[in-house]
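Asks: Before I ask anything, let me first share the structure, which is written out below as structure tokens.
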């Protein structure tokens, strides 16, 4: 049994830490300061220390009065994540397995592109959606992450990039968990990382993906955010989608498409449909024709995903020539489509794989 598993089984490290200051929006921090007799402008100074200088100790915030630094230290923590495993791929992709205060672990991935560095963040410890092709759902949902724990992932990766004077240029919320199942923390996270005084990641450089929790799609559309939005679709018909994604029983495909149309009409923004290709399951030309019919007339983009092999699942990769044929079939119908570039194929880069491997080690 590893130290992580031992802590969870014995109760060690189970004491709740102080609330993470990373969980506070700038307005919430201003409110806290005013309530404690301080000027609201101090919030901007604190944000600069947290997200500009990325300090991890309130004592280092030297332009704040000592009394305020002490008050902050007694009221909040600055979340730091312990790196358990760090895997680096030949293509530069880096996968981190971070340990949380209670011993649970989460994954965060840094992906290198010719246009910058993208971070894929996790929103939950585990997942309850139950997609039959995904390693994230193995073991079920353990708990939601606090907004500060999601923010801390980006900060941690940015600190690693500081060593080479690089920066995080985009964020994808596509790691372990269903973001809309942890909606309030997600929205707070988005507001913090997008804020010009926070991590200052432009809204159009942030993408949120959902498996299709329909009420939250309507709510997200009404938020008025310019965040990129993606649907994990993976099947063009109700029957096939239900086999791949049990959530389709609760939120069936026709209703999902109604919600997508509402989102497009409300925001004027394009929706991306993620479509993982599984050999012999959803990758035939008839599936491409069905998908084109489903998406006809929509302001959308299809992202075809060559799937990573997951040992605990039985799906196999679609051959490259078949992926290209699928792409051509969609283009023939005027569908905007790309094939996702593979990242970290030589490491445990599929969502949840590294954490699943760690869980196996813990049970030995």
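Any Cβ shown, glycine's included, is placed from N, Cα and C.
Sequence annotations record features per position, and here Swiss-Prot assigns active site, proton acceptor to 107 based on sequence analysis. For 351, the entry in Swiss-Prot reads active site, S-methylcysteine intermediate, with the evidence type sequence analysis. Feature annotation from Swiss-Prot assigns [4Fe-4S] cluster binding site to 127, 131, 134. Annotation comment: Swiss-Prot describes 177, 178, 209, 232, 233, 234, 308 as S-adenosyl-L-methionine binding site, evidence class sequence analysis. Under the heading disulfide bond, Swiss-Prot lists 120-351. The annotation domain 'Radical SAM core' is assigned in Swiss-Prot to 113-346.
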Asks: Taking the Cα of the residue listed as 'active site, proton acceptor' as the centre, which of the recorded positions listed as 120, 131, 134, 233, 234, 308 lie within 10 Å of it?
Replies: 120
Asks: Between C-alpha atoms, which of these recorded positions comes nearest to residue 131 ([4Fe-4S] cluster binding site): 120, 234, 308?
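Replies: Among 120, 234, 308, 234.
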Asks: Please report the Cα separation of residue 177 (S-adenosyl-L-methionine binding site) and residue 127 ([4Fe-4S] cluster binding site) in Å, rounded to an integer.
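Replies: Here the two Cα atoms are 5 Å apart.
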Asks: Just to verify a number: CA distance, residue 233 (S-adenosyl-L-methionine binding site) to residue 134 ([4Fe-4S] cluster binding site), in angstrom, no decimals.
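Replies: With the alpha carbons as reference points, the distance is 13 Å.
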Asks: Can you tell me how many other Cβ atoms are located within 10 Å of the Cβ belonging to residue 177 (S-adenosyl-L-methionine binding site)?
Replies: 30
Asks: What is the Cβ neighbour count of residue 209 (S-adenosyl-L-methionine binding site) at a 10 Å cut-off, with all protein chains included?
Replies: 20
Asks: Within 10 Å of each Cβ, count the other Cβ atoms and name the one among the recorded positions 120, 131 with the highest count.
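Replies: In terms of Cβ crowding, the pick is 120.
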Asks: I'm trying to understand the geometry here, so how far is the Cα atom of residue 127 ([4Fe-4S] cluster binding site) from the Cα atom of residue 120 (disulfide bond), in Å to the nearest whole number?
Replies: 16
Asks: How far apart, in angstrom, are the most distant Cα atoms among the S-adenosyl-L-methionine-binding residues 177, 178, 209, 232, 233, 234, 308?
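Replies: Max span of the S-adenosyl-L-methionine binding residues, Cα based, is 19 Å.
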Asks: Closest to residue 120 (disulfide bond): which of the binding-site residues 134, 209, 234, 308, going by Cα position?
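Replies: For residue 120 (disulfide bond), the closest Cα among 134, 209, 234, 308 is found at 209.
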